[in-house]
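Take a look at the structure set out below.
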Amino acid sequence: MVNDKKRRSRSRERFRDERQQQQNVGQRERERERPRNDREPQRGDRPNDRERDRRQRRSRSREDRIRRRSPDRQRPRDNNGPDRGSRGERGGPGGGRSGEPEKRAKLDASASSGKPDGKEDEEMPDEKQDHKLKKEPLSLEELLDKKKREEEARAKPVFLTKEQRAAEAIKRRQEEVERLRAAQDAARELMSAPREINMSIATAPATAAPSAPMPPPPTRPERRERGNNRGDRGGNNNNNNSNNNNSGNHGGDGGGGGGGGDRDRDNKRAEDLTHKDKEKELEAIRERYLGIVKKKRRVRRLNDRKFVFDWDAGEDTSIDYNNLYKERHHVQFFGRGNVAGIDIKEQKRTQSQFYGDLLEKRRTEAEKEQEKVRLKKMKRKEDKQKWDDRHWSEKENDEMTERDWRIFREDYNITIKGGRIPNPIRSWNESGFPPEIIDIIDKVGYKEPTPIQRQAIPIGLQNRDIIGVAETGSGKTLAFLIPLLSWIQSLPKIERLEDVDQGPYAIIMAPTRELAQQIEEETIKFGQPLGIRTVVVVGGLSREEQGFRLRLGCEIVIATPGRLIDVLENRYLVLNQCTYIVLDEADRMIDMGFEPDVQKILEYMPVTNLKPDTEEAEDENKLMENFYTKKKYRQTVMFTATMPPAVERLARSYLRRPSTVYIGSIGKPTERTEQIVYMMGENDKRKKLMEILSRKIDPPVIIFVNQKKGADVLAKGLEKLGYNSCTLHGGKGQEQREYALAALKSGAKDILVATDVAGRGIDIKDVSLVINYDMAKSIEDYTHRIGRTGRAGKTGCAISFVTKDDSGLFYDLKQCVTASPVSTCPPELTNHPEAQHKPGTVVTKKRREEKIFA
């Protein structure tokens, strides 16, 4: 019995020590948490925070009261009956456990204080129960074992029956349907929420019952919070009333008024967004099913350095969220200003349209009719200008202007000089030849006249002396045969038969017998159908036979200089009525030493029919007075490939006021024009141009560009720098073109900035310099450009600015520069890869030698 008491007392002491340790641990934790709890009331003055603080203070005071009562329960107790009796009394009806709340309070107090609250016999079961409630964490081995078992269970295959698989599939399908339905309901509620709010707001006063109970008034914290949030939107009354005692009510009223406006604005914005979403959806449906083609943006090269502001109106994002940009206010300056940052030309166009509409509204009917008449006149004038600006191939011969004839000569590389020269012939039908000659030309098969024939035949038909500079094989034979045959055919045939002993009417001299025989073949081809006889007098044939044929009579003699002198000296031939002399290949005859022979032959010619060396030699009326008789003026025609000094001396001696015709590359102005090429970038052109113009070059100077706008901009820039410049391009009217040319010719302007369209028809004397600011698009245009200088036997200079964009012309430009004897091709152009082969040719690379090692 004693041992039991001792064991029970030791167990009570041990249990008391453990409870004391738990109480100390709980007290230390509460002291650690107390500073944080003290800071929490500073979070704000929200009602929830204040309520939480009150609960924390109430629980803290309750813990203090329990802590003050707990020492009485932990004092040493005896094992006598009175103690047990006292505990039993507390357990009875009158011992303080009569009410359930009091019992729960005591249990909570004992749990928080960690002290026993029962009998001695019941203290041990409470301790066991506390140990049972307190779960210990699993050890690492148990966790690993548990995870391993789960993985093994997942790894094992699970075999389901057909019914189970069907049930799972139905379950998944139902879950998917429910999920989709929930998403659709949520979207529908979101779309209809603004509309329901508007309907509820609109119908609230009408549908509310008179006896409907009013909602409870907001609490003071809610009114204060609403006033803080919406005080700024509630108007000035809210701010003014916030200083009064009833600031909550006034703030609430003010916030409510502002909130109503905000709700309207929010609802309107929500409706706009909904409407725009529907519009976008409809647009997408139309685009999908109606096949609307999207407008493709223009593709530009990557190396373009110009930034093009090519925006679309649909890319303006400001229209979507602000109605201010939909109804813009356009400022009217009344012609006295422009808006910065916007194209000036576009502004002028818009303003002119605005003023035009305004004037149209204010005009009377008579003024409108007068304006229509004026517009018709302008339209006729423009149509006439366009009609006059047509290409020469679209016009009749009578409609050709002087500019058209200049363009015509440039198209066929015809260069002329020497007084008043007739216009060239465009076709055989427009030439005005006798019908017999036209028929022969058609039978021979000559479709179109050659350049030398186009210009030399009209001059020959006017009985003018001609110097034709052209290559062999360019059609020179027919160029001097047609005027000769036309004149001989006009003479009466009986007179030709009676005057046989007076000699031929024409002599054609050639340097070699082969060339003489070739000319004879061509002459027989045209002369025999007309009854015109021809005799060839060349070396290597019997002189007696040739003399016998000459005595029989002939109209044309084709001879070499040596044999012709022999025949004249031996009296086989006389030249009493010879009025037509042709010197073919005159430069070659001079080189072969026939100059004395030619002069001697010309001395055999009669002098009575020589032309006067005055202006009458250029007067068409004087020359044509006795053209169709045997007493017409003597006509001398000389064709040569070059013009050496000996040929010029011969021409000055025996030709009277000749007309010189240059054809093709022979005698072309490019031989007297120095061509200079600079390879540079686009941004370096202006600086190089200023450097060239600062060298004080004699005017006039022509600068060629490719665009009309570029011509205007460059001319304005030169004017600002102090140069007298003018422009000439297709955008100018006829009066402006004539003024620009007249100003340049008179010396009022020093520089002409022109384009190819206007540059081909201009004829300005003594142009010292041509600058290709923008390189021509083709080598033909380049040739026409540099042909503006070096004219009429004078020298000139042509400077070209070339960029990498002109690589398509590098080959032809290199050939043109190297062909000129006075020009030097720069190394950059000579060694450029694009200048090595003609554009369009496929270069085959050589196969490398293959070495096979065994």
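Placed from the backbone N, Cα and C atoms, the Cβ positions cover glycine too.
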**Complete:** Here TrEMBL annotates motif 'Q motif', and of 310-338, 397-425, 426-454 the range meant is 426-454
**Request:** When you get a sec, could you say which of 667-686, 827-846 is annotated region 'Disordered' by TrEMBL?
**Result:** 827-846
**Prompt:** By DSSP, how many residues in the compositional bias 'Basic and acidic residues' (261-275) are helix, how many strand, and how many coil?
**Reply:** 15 helix, 0 strand, 0 coil
**Message:** Looking at the domain 'DEAD-box RNA helicase Q' (426-454) alone, can you tell me the average pLDDT?
**Reply:** 89
